[in-house]
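J.: Straight from TrEMBL, here's the annotation block:
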- C:355-546: domain 'ABC transmembrane type-1' (DOMAIN)
- C:31-51: transmembrane segment (TRANSMEM)
- C:63-86: transmembrane segment (TRANSMEM)
- C:106-126: transmembrane segment (TRANSMEM)
- C:147-168: transmembrane segment (TRANSMEM)
- C:180-198: transmembrane segment (TRANSMEM)
- C:247-274: transmembrane segment (TRANSMEM)
- C:300-326: transmembrane segment (TRANSMEM)
- C:355-378: transmembrane segment (TRANSMEM)
- C:390-417: transmembrane segment (TRANSMEM)
- C:423-442: transmembrane segment (TRANSMEM)
- C:480-504: transmembrane segment (TRANSMEM)
- C:524-551: transmembrane segment (TRANSMEM)
């Protein structure tokens, strides 16, 4: 137990999730900052349920026990918005009623004060994913690859403590997929974020390079 | 006991002011009435089925606001009985002040019902109104006797009514027009489907029944007494024999009826009916002026006489704005308001005032009115038949409903 | 939590008025109404009801009207959907029909009357050239004793309603795939639909169908405008007794309302038996493998009927508009001799009060209903599950219990607490009817929202209320405004609740129009009915244009 206290990253301590009394996930794992833990399994095995648990929006139909920590702080009982778990889904899910810049500004933490400072941060975040100058655009006018990059920039802009990736590359075509993988993992390493990746694509797991856990099946 | 509990509960809820007994305004102290009326809102419950009349009431509301600071709200009724119901319900619920009805356009059975149940502001106030001095009490006996019931100043006269028939001279031969109820039946035989009357208990429809009853009954003086149940069937047999003969000859073979006078007017315009009738001699001219009837429409009456009566305004015993209602009733009785009302271009309702009692200016207002081509001159209107006691109307309406109202 | 209030308010607002109203109706029906001196129980009111002439005839007419109306409108909708769904013609007709949902019943009834009366537009168009009629024929077309005109008026209004609820249920049964599958087995379009898809769709639209039965068995405004008069259907007679100056008639009216309740229940009962019988028939045909491939005549008939019902209302509404500007217009002229603005100029000043009441009551009740519906749905999100079937039935309660049956009692209640004819009481009464529609129309789009947007925003560190205000609501702008427009149109169309709770002192465009109907002044009716139709249309225009304007630079927020 004590060793945990001195180490940063994401720690899942005897996490068990059950539906109607049937256990679907049981897991104890540590993910160091910048490292990736890949959870693999067939559809319906409960991969996304695990992400929902860590993110704090588990459907009340499930029961869960165990604890989750980020950087020594227990998050198990926190509201989702207090956990600061950045999420990427397989769809970019850019808010359609905001501009590209609006999406990023919405994500920036409140602590970044002042219009100018926030705009600057937003522009830098766009630059960081190679999309400088697109801040006024309507998300609907972007290409698939651009949308994925904006989604990444948005989650990073929110200064998360960890990244939860729910098959984030599965809807991209092959060329884009490789590019995005590289970008996402590079950014995670750069920011020192522990990453929990859920996928059924072995190539994702290989690219991530971290531990692999198989569940279900 | 239960009633007491209920009214206590109502008081606790604040629905009824605890001290119920407000003094009625005294029309003899008119300045006090005027002062009390300022700022009051008068809910005027009046039949709202005619746009002409609604517009006239609206005009009166504007004048009342401007001159006396009284707000007049026209509560448009399909049936005056609704207003009576409201007052009865309020009395039953113990709401003896701050009632929701302040002024009612009324006569006949509704007046009789309200008077009988003590639902009218008392003692008699109508003859104390300043404008009462112009009223033609001498030549218009129905002003003091409403359907055989003594008025006793419990309602203020507003307008005169007489049953008059209309036809379109472009379509219908004036020489063949009926001269009495029997003639009407003959005419209907020659022109099947071209006559009808509004479905009783519509006021105009019931009036037609009373007209026939008055013509056909053996002893007309019986109608001045309340109905005698024992002899009712025998006495009214001529009426229902007549209707048995007439109804199948009518519009839609008597299987449907126009709902009221305006509906009948539309049917005359559409050439579905050839002879219609109204309780207002100027109705036809007014409809011509409004483009609702062609200008070839003309009037006629029965030489033997048709029903005539007066319609009134009354104030419920629990009205919230009694002073305002008095001011409104008095204004509607004024020569100016009465003259405007008589103009067929506005409404065309004959005045209750005696022109001889007016000063020259006011008389000139009446002289200036163009009664229109379709209106008979007062001397052409023929004799007036008295309205029967209100119990007759209720009784023959019930009988009519039983016989013809559920014919199918 | 605020959201916890949602379901409580909704259930309270829907069930309390119905429950109190029913009590206030049923007790007097058995002679108990202390305020009128009825302190004991007796069967006298029911006996008096039994003694009313031709009461059985009136009740039967209501029963038959309800069943025939529902049968015809549901039949047309089913056959039309079966024959044409998925085609371009279907989409076109759907666009044509949808706006008709917002046309108030009274306006649709006027539209039909103006069209088919012996002196109506149809007769004028073909006279005297084709018919030889120089004056209207003496035919009992409107107010006919069989109630055919009344049923037609109800059918043309219920078809759009049933079509739209069917369309809402359709996507959940994957019609395109299933249709292809069934067609591959060699079934005709209609047969395949009735055997394969309808049994899945029908359970979802069953409650709306019951609502149609309840409405048609107890309708007052349409019956007064088009229905028989000698005698009129039950509900019309009830309202007549209610307005009788003799207050003891309230006992009779209450007994009649009880009968109305029984008539509606009987109609629904008969309908359930019909459901069972037709289901058995359908199963037998399906098991026999009847392919029913030669259905072209039925397909075209369904199409024709659907088109006819829509065009009837449109033509009728156009006639109404024409009359509102007409000068003298004699039979058999197809057009008025002159057009004038005088009618409007005359009526407009009198319109202000009812128009204001209409707008205030409509907007407030819609706003409150929409807010409560959103709270309920937000609460469901928190709970993670939709309410059970029981709760859903409660939402339908005000639509399935005949209006007259509980509005009498509700009016009495308001009279007793001295708040009849107040704006609050009227808004409350409207809410009872607006809320179910708001909830039912909002729930699907609300649940269709991709919850991952919310999770994502939570991951970005946003508190629940900010996610709700900054993400959920803006993204739901269009459905919320559409629901508001629907609620507004429901409120505008409400006749009986306004008549009874407004007690003649608070009038809306609809009560004024029906009151004027008896006067037969086509010009004035034309104006009021025209307005009745325009107000909801404006509501829908706002619901379409506002989001289009706000989100003009956001392509994914367009339709």
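Every residue, even glycine, has its Cβ placed from backbone N, Cα and C.
A TrEMBL annotation is a machine prediction, not a hand-curated record.
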J.: Same chain only, please: residues at least 6 beyond the ends of the transmembrane segment (C:31-51) with a C-beta under 8 Å from a C-beta of the stretch. Say none if there are none.
T.: 247-248, 250-252, 254-256, 258-259, 412, 416
J.: Restricting to the same chain and to residues at least six past its boundaries, which positions have a Cβ under 8 Å from a Cβ of the transmembrane segment (C:300-326)?
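T.: Distant Cβ neighbours of the transmembrane segment (C:300-326) are 76-77, 79-80, 82-84, 89, 93, 96-97, 100, 103, 107-108, 110-115, 120-121, 155-157, 159-160, 163, 335-336, 338-341, 343-344, 522-523, 525-527, 529-530, 533.
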J.: With pairs restricted to those 6 or more apart in sequence, evaluate whether the transmembrane segment (C:247-274) and the transmembrane segment (C:390-417) have 3+ C-beta pairs under 8 Å.
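T.: Yes, the stretches contact each other.
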J.: Counting only residues 6+ away from its ends, which parts of the chain sit with a Cβ under 8 Å from the transmembrane segment (C:423-442)?
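T.: Those are 10, 13-14, 17-18, 357, 360-362, 364-366, 368-370, 372-374, 376-377, 395-399, 407, 410, 414, 479-480, 482-484, 486-487, 490-491, 494, 497-498, 500-502, 506, in sequence order.
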J.: With Cβ-Cβ distances below 8 Å as the criterion, list the same-chain residues six or more beyond the ends of the transmembrane segment (C:390-417) that contact it, or say none.
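T.: Sequence-remote neighbours of the transmembrane segment (C:390-417) are 7, 10-11, 14-15, 17-18, 20-28, 33, 35, 207, 210-211, 214-215, 217-218, 220, 235, 238-239, 242, 250, 253-254, 257-258, 260-261, 264, 268, 425, 429, 432-433, 435-436, 439-440, 496-497, 500-501, 503.
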J.: Which one of these stretches, C:106-126, C:180-198, C:524-551, has the most C-beta pairs shorter than 8 Å to the transmembrane segment (C:355-378)?
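T.: Per the Cβ under 8 Å count, C:524-551.
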J.: Near the transmembrane segment (C:180-198), which same-chain residues lie under 8 Å Cβ to Cβ, leaving out any that are not at least 6 residues past its ends?
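T.: Beyond its ends, the transmembrane segment (C:180-198) has Cβ neighbours at 78-79, 81-83, 85, 173, 282, 285-286, 290-295, 298-299.
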